[in-house]
Amino acid sequence: MSLLNKPKSEMTPEELQKREEEEFNTGPLSVXTQSXKTXTQVLINCRNTK
């Protein structure tokens with residue numbers, strides 16, 4: 001079973017750490033993570049879609 005599909009409550013600490021690393025390297029937060037590492041600016045546009 002993929003770590004992304006497995007519930008966090010059923011993961012070992014090692015699996016949780018690996019999943020977190022994957023999310024920061026490939027998920028939406030990867031843009032913010034990479035910009036912080038390279039000291040570049042990122043424009044974040046937030047909107048309320050009510």
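The first residue you see is number 1, and the count goes up from there.
In case you wondered, yes, glycine gets a Cβ from its N, Cα and C as well.
Worth saying up front: this structure is predicted, and the values here are computed from it rather than measured.
Per Swiss-Prot, region 'Disordered' is recorded for 1-36.
Feature annotation from Swiss-Prot assigns SUMO2 cross-link to Lys6 (among others); the stated evidence is similarity to another entry. Secondary structure from DSSP puts Lys6 (SUMO2 cross-link) in coil. Neighbour list (Lys6 (SUMO2 cross-link), Cβ cut-off 8 Å, at least 6 residues apart, same chain): Glu15.
The compositional bias 'Basic and acidic residues' annotation in Swiss-Prot covers 7-21.
According to Swiss-Prot, the feature SUMO2 cross-link maps to Lys8 (among others), an assignment based on similarity to another entry. Cβ neighbours within 10 Å of Lys8 (SUMO2 cross-link), excluding its own Cβ and spanning all shown chains: 10.
Over all protein chains present, the Cβ of Thr12 (phosphothreonine) has 8 other Cβ atoms lying within 10 Å. Swiss-Prot lists Thr12 with the feature phosphothreonine.
Per DSSP, the secondary structure of the region 'Disordered' (1-36) breaks down as 25 helix, 0 strand, 11 coil.
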